[in-house]
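Asks: The feature region 'Disordered' is assigned by TrEMBL to 1-20. Residues annotated as compositional bias 'Low complexity' in TrEMBL: 9-20. The feature transmembrane segment is assigned by TrEMBL to 34-54, 74-103, 110-127, 154-172, 179-201, 207-228. What TrEMBL lists as domain 'Phosphatidic acid phosphatase type 2/haloperoxidase' is 110-222.
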Amino acid sequence: MQELHDDGPGAAPPAGLRGPAAVPAPRPGLGAGVAVLLGIAALAGLWAAFTGVGPAHLDGELLGGSIRSRTDTLTALAVVVTELGSTVSMALLATAVGIWSWAAGRRADAVLAVVAMAGGAAAFRALKELLDRPRPPLDGRLVHAGNESLPSGHATMAIVVIGTLVVLAWAGRGPAARVVMVLGAALWVAAVGLTRIYLGVHWFSDVLAGWLVGGAWLALCVAVWSWWRARSARHLTRGSDATPG
């Protein structure tokens, strides 16, 4: 019987991003449940940011603190991180992973990478236009930012794309490697979001809403991907059992 992450016939390449994973994908129901919870949290975060309640009370204080803490070294580092974590950079990374996965015969993984990225981009752009929240004052900005503020596109795309990479690389990894992946991803996603506040182009609540929107969309994508994997596995199992030995 072929392994769960093998989308087509032939020999199984190594586990991880390059080939079929050695363990099943997450259960679809778990991903759907997480998506619902994060979706509710995302709606709450968007509402709080739009109306100025809850975490939005911290916006002015955190922006002011970031401005007061600026140094040449921190600013240079923040610019590098924010450029590497830009929506364009994340789109290119997801596209590259999608092409790589497709070439390796992992069609479901390729679709996950590209659809998660494209859907995340569409979601934050639509929300920006719908909510039309102004950005922080122009005199405090260190980089150019031309569109609406809520939610942060950098924060949304960082959690969607980097989270997708963690999901695709999860199978076949040991506990230590998984801890490193999760911590590394969390630190990067946090760093990208915080640079947007430091550089004066987003409020804290914009970034928080971006993380929640991105997390909800990622969880939904992973739930569908997991269902696809489970369905493929059942078909492979039935085909294997029906083949004379």
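Backbone N, Cα and C define each Cβ position, glycine as well.
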Asks: Among the recorded stretches 74-103, 110-127, 154-172, 179-201, which has the greatest number of Cβ pairs closer than 8 Å to the transmembrane segment (207-228)?
Replies: 154-172
Asks: What are the helix, strand and coil residue counts for the domain 'Phosphatidic acid phosphatase type 2/haloperoxidase' (110-222) according to DSSP?
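Replies: Per-class counts: 86 helix, 0 strand, 27 coil.
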Asks: Residues of the same chain, at least six outside the transmembrane segment (154-172), with any C-beta under 8 angstroms of its C-beta?
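Replies: Those are 5, 14-17, 21-23, 25-26, 82, 85-87, 90-91, 93-94, 97, 101, 109, 112-113, 116-117, 119-121, 123-124, 178, 181-182, 185, 188-189, 192-193, 195-196, 202, 206-211, 213-215, 217-218, 221-222, 225, in sequence order.
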Asks: Within the domain 'Phosphatidic acid phosphatase type 2/haloperoxidase' (110-222), what mean pLDDT does the predicted structure show?
Replies: 94
